[in-house]
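Annotation source TrEMBL lists compositional bias 'Basic residues' at 55-65, 73-84. Among the features that TrEMBL reports, compositional bias 'Acidic residues' is placed at 686-695. Taken from TrEMBL, the feature compositional bias 'Polar residues' applies to 766-779. According to TrEMBL, the compositional bias 'Low complexity' annotation covers 884-893. Here TrEMBL flags 894-909 as compositional bias 'Basic and acidic residues'. Annotation source TrEMBL lists region 'Disordered' at 49-84, 686-718, 759-779, 856-939. Per TrEMBL, the feature transmembrane segment maps to 106-123, 149-170, 223-242, 254-280, 292-312, 338-360, 381-400, 441-462, 474-498.
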Amino acid sequence: MAADASQRKALRYQQTLLYGEYREQLGNFARREAARLLTERQWRRQAGEAAAAARKGHGRRHHHPVTLDSHHSHGSSSKKSRPYSKCRDCLARVRRSIVTKMGEDWIFLVLLGLTMALVSWSMDYASAKSLQAYKWIYGELKGNVPSQYLAWVFYPMILVMFASFFCHLISPQAIGSGIPELKTILRGVVLKEYLTLKAFIAKVIGLTASLGSGMPVGKEGPFVHIASICAAVLSRFMSIFSGAYENPYGYTDILTVGCAVGVGCCFGTPLGAPGVLFSIEVTSTYFAVRNYWRGYFAATFSAFIFRVLSVWNKDAVTITALFKTNFRMEFPFDLQELPAFAIIGIFCGFLGAFFVYLNRQVVLFMRRPTALTRFLTKHRFIYPGAVTLIIATFTFPPGFGQFMAGELMPRECINSLFDNFTWTKISQYPPPPGLGRSAVWLHPHVSVFVILVLFFVMKFWMSAVSTTMPIPSGAFMPVFILGAAFGRLVGEIMATLFPNGILFDGIVYRILPGGYAVIGAAAMTGAVTHTVSTAVICFELTGQISHILPMMVAVILANMVAQGLQPSLYDSIIQVKKLPYLPELALGHISKYNIFVEDIMVRKVKFLSSHSTYRELNHLLESTTLKTIPLVDSKESMILLGSIERTELQALLDWWLSPERRVFEAGQSSPGQGSKVSWESFTFVDEEEKEEGADKEECNGPVPAPKPPEPSTNHTDSGNLIISLHVRNPCYCPPPPNLLMPSDTRKLQSVRRTLQRLFSSSSSSGQTEIQETTPPQLTDTMTPEEIKVWDEEQLDKPIDMEQIRVDPSPFQLVERTSLHKTHTLFSLLGLSHAYVTSIGKLVGVVALKELQKAIEGSTRSGVRLRPPLASFRDASRKAKKHQPPSSTPSSPTRETDLWGEGSRKEGERGRRKRQTRILRMQSRPLPPSLPHPHSLSSP
């Protein structure tokens, strides 16, 4: 009661009639208490440092008083002001003021939206001018068919081959869509070189050339990748203003915002909501709601600037929809047309699944080890050139292209398919001038239905093949055009079946084929991408929501059919590229399978103990490719203490066996070098750090290993050091600077400068050496046999774990964690692996690969779980699964005896075989090892 009373008094709490209230805001009280606690903590630390300094001074007085006095006298006499200190303080104050008033989030989002709007508009402007030049060259050669054919074919071939060559030269990671890789990155997997400035440049220039060629490729997927790269690069720039952007856990939020900006700016949707929704559906399994306002604001701002630039360039009169339509609003459709809309959705589901299947089969065919594929792999520019040649030949307007509207560019196709005219009712030829570009769909000798069918069939395989070329290309817009053509075909059929329209309330309303085209476009893209937000995108692209109900019905039906037949196009590419990706787990089938982590985990875990030697560390680094290595207390207890990064351990081992350390120790142990001083008795002091008065502790110990010096360079140039001697037990320096986190690197910039000056050829005037004016030169006098003996001695010494940064809280699971809960945690937190413990003991590890095998049924302990709405996929496989299991022990799945004794015995036999195989491998010389099952290296 006394404690409650004191707390109420401290918080100024009072009881009222209904409920109590605080006289002071809790935030103000918390800030005041935090300041008080911080002051007390600083006072205790200063008192402890003063006591430690007094104890050190007492110890040093017995040994080297002259050196100590000289050191202090030099430190007091060498005080000098840093250059431009006032300007730096002023800039820091301005920076803090800007960040405080505006907030770093708003600055980042505005810069991202503005940058991507400029990039998107520049790409559209350049590609539009390229297409204009393409049509101009073709028009100027009118009357000379051979010359027209050469111009029609070679112009896109040059641009496509340039895009392929440029991307292959600058950054091969810029090839393709980019959304599958982003889905993998957002799941916690690190893919190298996918979010770099080189990939940004290659993607922008290559995509501009691809769009300017007139080939059936899209902008949406690659532009999402471009926006994500821009967000990643800007986050590094924003770390100048705030260290929050260096937090690795906020990296996913930044990429999510970049995806939303990419979609919103690509389509120029003024509200920005479709971009956010589509990016959520395509790239995320779980979405943090805190990122919604960031994505919405950045996408809206970017789309607004993009549309303003179009108006400024006089491409549009005002900010309107990208593909504006003029459907009637009072009665856009009749209920009798809903079956036709449902048919469009169902057929688009089948067609979308077939498109994904065809695209995957083309890629797999090109990867088969045949003479043709080997030839195309060796001469990588022949394949895109040949595909472009074939497509351009089929679309040549005087040839076969006249029967499939071949002279229309992608944007012209969409505008003509969405118009309000009913083409089957136009019988005169030439068509009236009011049709505009829609007149291309009318032919004096061929029906409109034949032209639409030929257009759909030819563009279908052309789009599926074009997206496999090694250039930056997307599939959204080609599929959007395919769906619009199919919807237009159904609309024209309905207009023919009901030539007088539909009678309602005494009024006859004619059928609008353009509305069917909009519904078909939304349904087809939804079926290919497995998204529903494509309906919202169509609303903003057309500027009308008159067909909102039939469009949603068609999109949902298309998704139901397509998800049951094939994965989405992006998941299909992930499977083809074999990216480490976690499949979806259907909620309706979880109760049938009782799978736990102990059934799928890797039991043979490579680890380090607190008593491990450098020899064990060397063997571990050579035999595995793990990114993180667990640290246990001992081999007997196996208590998990934490995890260590591989780069940290590699740097420690390189320094421990470095020639510099060997030379220095040999020099100290040889006679004639003066008094025998241990390596650990040197302290490296940075005068600039002392002058700033920062509360950074000095660290006595070995220096991080520099680069090996050239033979002609002196091994030691220690005239740049201040050396003080002491008798206290030494502490060790942290790992080399290249392994520090960005914030630690910034805090230890002065230490890095000192170490760089230590091994530089020219000495700095700001540092002097106190102990000796000319230090003794240390040379390597060891013979190769002595070096080998010294290395063997050093490898047998135990590792000092105090030198290594250990993550004390790696993610852990228990053995009886269900597969559903494990899948949810991996998806929600973006984990790449998790350690399995039993009462604190390390018993195994689970990574994305093990989860993927368990879900897809490629292990004995796993089963195949179908994705949502996939009620009839793999029906034949399901029938095979319910057959009695064969007697062969190598059967990949045994569901009838999945959790029986036989399965457990086979699992034990398999584990014993794997242990025996690993022991044999350890007894052999160490070859280049394959990746460990739970190592996540980039493909």
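Heads up, the Cβ atoms here are built off N, Cα and C, so glycines get one too.
Because TrEMBL annotations are produced automatically, they should be read as predictions rather than curated entries.
Keep in mind it's a predicted model, so treat the numbers as computed, not measured.
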Positions whose Cβ lies under 8 angstroms from the transmembrane segment (381-400), at least six residues beyond its ends: 138, 145, 148-149, 152-153, 156-157, 160-161, 163-165, 213, 215-216, 366, 375, 406-407, 458, 462, 465-466, 469-471
Listed stretch, out of 106-123, 149-170, 338-360, 474-498, that has the most CB pairs under 8 angstroms to the transmembrane segment (292-312): 106-123
Positions on the same chain near the transmembrane segment (474-498), where near means CB under 8 A and six or more residues out: 177, 216-223, 337, 340, 343-344, 347-348, 351-352, 355, 359, 410, 413-414, 417-418, 422-425, 448-449, 452-453, 455-456, 459-460, 463, 466-467, 510-525, 528-529, 569
Cβ-Cβ under 8 Å with the transmembrane segment (338-360): same-chain residues at least 6 beyond its ends: 460-461, 463-464, 467-468, 475, 479, 482-483, 486-487, 490, 494, 516, 519-520, 523-524, 526-528, 550-551, 553-562, 565-569, 572, 575-576
